[in-house]
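Step one of this worksheet: look at the structure below.
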């Protein structure tokens, strides 16, 4: 049924298909910029610099004329290199300090005599075999400045959080089209600007602005396409916005493999979606937003254009739609309970009773765990051994089938019955990886791909499931608060990855614990497949208490047009970035 819906969408709705693919194509740039730092902020092998010209280099039992010949033998950060300068001085070079031997008679690796310790005032020497330049080597973000390198990804994710809030609100006020234009151009401008920053702080500021516009685009583009796509194809269309994001991750791996200088790498990533920037001005405003702003003539023009593209001989008239909506609103006012819809609601309504509060805590935990697991698997993929570029490419590619499986399973098995096994499976995979020997690189990579696949299914499903778990009056509030927890998870994820330096399996252990806890708590959530959306907190609470189908209850009267907007916007209103 799902595949037939997509086929019908492509064949009958040419206009919507063109708008959809044009819009989600730019979503690749979001995936590109979100994961760009995995190669741009790489820390290669390094040692302290030395004052003078080197005549010979010694590393254990191997000697060479230059340090570049020694890097292939470097196996641990605890190693040190012995160099003899042309003036006869002998220095021991560690990563964050250097020692001058007081007696420099014979060049030997082991030395028991007196040494004078000095700081790395002459800079650092880096292994340029894989990367000619990274932001770490550009500004010496090592040793006592290492914490600055570790802030690069978290500050970007903080920009993601702020940008989603700001541009989501602006899109409701000024329209989706204008925000699409601005954020698309902003991604290109700020993306290129990052490559030409002159110091670390300007680099972080430019990346922060880039994160804001990238996040803003992803949020608004999701709303934009769901307002154009029909109901039958909406689930598949919305889920596969994630797929284009994953394709962006694959582009990062490819460009990282081909370009080894960080600022050139950044420029290539920024121009990858330049074609969309040049043609995005052709995208129309959505009829729904135009109608909400009472711009009826503009809405009619868009509808007429859609009709011509789709070869519809009798396009609908805005005047007819407005008259129907007014009749529905008038009849709704004469209905029963109108006070609850008029009441203003806040975040406390998500904790109005024990049933709803427990549901909210569980949903928030799933959002947080999904985002945390998604980025832990993605960011740590380059540290699994083997070819780091291939690892990241595969981690992105495995998402493409995962969203297809998610769409099929959530319609066949149900939302909860799909979410539980995949959350628990991801926890089991995290445990399994801990028992795989470190020299079995292929098995480790395959296990990480399986972990990313399982957490990806859960992460993609939770958007729709959250909207179906809550009533109309707090639905946007529930999805919005859940997406905020998602962003918190994305900010925490880089710090979680850094815990590999404490214990290599600690990030996986944390993700596994969170996924297992989320999976167990999900058992207490009600199934929503085939059930009508609830309208009041009482109905939502009863859905959790009773196993009877909620369709036996008759929901309060609502405007037909309003209900359609609820189903269109409420279910997928805030697909904030991953």
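Every residue gets a Cβ built from N, Cα and C, even glycine.
Annotated transmembrane segment per TrEMBL: 12-36 (among others), in sequence order.
Among the features that TrEMBL reports, domain 'Major facilitator superfamily (MFS) profile' is placed at 72-530. A mean pLDDT of 85 is what the model gives for the domain 'Major facilitator superfamily (MFS) profile' (72-530).
Among the features that TrEMBL reports, transmembrane segment is placed at 147-167 (among others).
Among residues of the same chain six or more beyond the transmembrane segment (179-198), those with a C-beta under 8 A of the stretch's C-beta atoms are 23, 26, 29-30, 33, 167, 170-171, 206-207, 209-210, 212-214, 216-217, 220-221, 224, 263-264, 266-267, 269-271, 273-274, 276-277, 280-281, 283. Per TrEMBL, transmembrane segment is recorded for 179-198 (among others).
The annotation transmembrane segment is assigned in TrEMBL to 204-225 (among others).
The transmembrane segment annotation in TrEMBL covers 237-257 (among others).
Among residues of the same chain six or more beyond the transmembrane segment (263-283), those with a C-beta under 8 A of the stretch's C-beta atoms are 19, 22-23, 25-26, 28-29, 32-33, 36, 39-40, 133, 177, 180-181, 184-185, 187-188, 191-192, 194-196, 224, 251-252, 255-256. Per TrEMBL, transmembrane segment is recorded for 263-283 (among others).
What TrEMBL lists as transmembrane segment is 361-377 (among others).
Feature annotation from TrEMBL assigns transmembrane segment to 389-410 (among others).
Long-range Cβ contacts of the transmembrane segment (417-436) within its own chain (Cβ-Cβ under 8 Å, at least 6 residues beyond either end) map to 366, 369, 373, 406, 409-410, 443-444, 447-448, 450-451, 454-455, 457-458, 461-462, 465, 505, 508-509, 511-513, 515-516, 518-520, 522-523, 527. Under the heading transmembrane segment, TrEMBL lists 417-436 (among others).
For the transmembrane segment (442-465), same-chain residues at least 6 beyond its ends with a Cβ under 8 Å from one of its own Cβ atoms are 235, 238-239, 242, 363, 366-367, 369-371, 373-374, 377-378, 380-381, 384-386, 391, 394-395, 398-399, 401-403, 405-406, 409-410, 415-416, 418-419, 422-423, 425-426, 429-430, 432-433, 436, 479, 482, 508, 511, 515, 518, 528, 571-572, 575, 578. The transmembrane segment feature in TrEMBL is assigned to 442-465 (among others).
According to TrEMBL, the feature transmembrane segment maps to 477-497 (among others).
Look at TrEMBL and you will find 503-525 (among others) tagged as transmembrane segment.
Beyond its flanks by at least six residues, the transmembrane segment (12-36) meets 156, 160, 180, 184, 187, 191, 210-211, 214-215, 217-218, 221, 224-225, 228-230, 233, 237, 240-241, 244-249, 251-252, 265-266, 269-270, 272-273, 276-277, 279-280, 283-284, 305-306, 309-311, 378-379, 392, 396, 577-578 of its own chain at Cβ-Cβ distances under 8 Å. Nonlocal intrachain contacts for the transmembrane segment (361-377), taken as residues 6+ away from its ends with a CB within less than 8 angstroms of a stretch CB, comprise 395, 419, 423, 426, 448, 451-452, 455-456, 458-459, 462, 465-466, 469, 478, 481-483, 485-490, 492-494, 496-497, 507-508, 510-511, 514-515, 517-518, 521-522, 524-525, 578.
Counting Cβ pairs under 8 Å that are 6 or more residues apart, the transmembrane segment (477-497) and the transmembrane segment (204-225) reach fewer than 3 and are not in contact. Long-range contacts of the transmembrane segment (204-225) within the same chain: residues 19-20, 23-24, 26-27, 29-30, 33-34, 151-152, 155-164, 166-168, 170-171, 176-177, 179-180, 182-184, 186-187, 190-191, 193-194, 197, 237-238, 241, 245, 283, 286, 569, 572-577, each at least 6 residues beyond the stretch ends and with a Cβ under 8 Å from a Cβ of the stretch.
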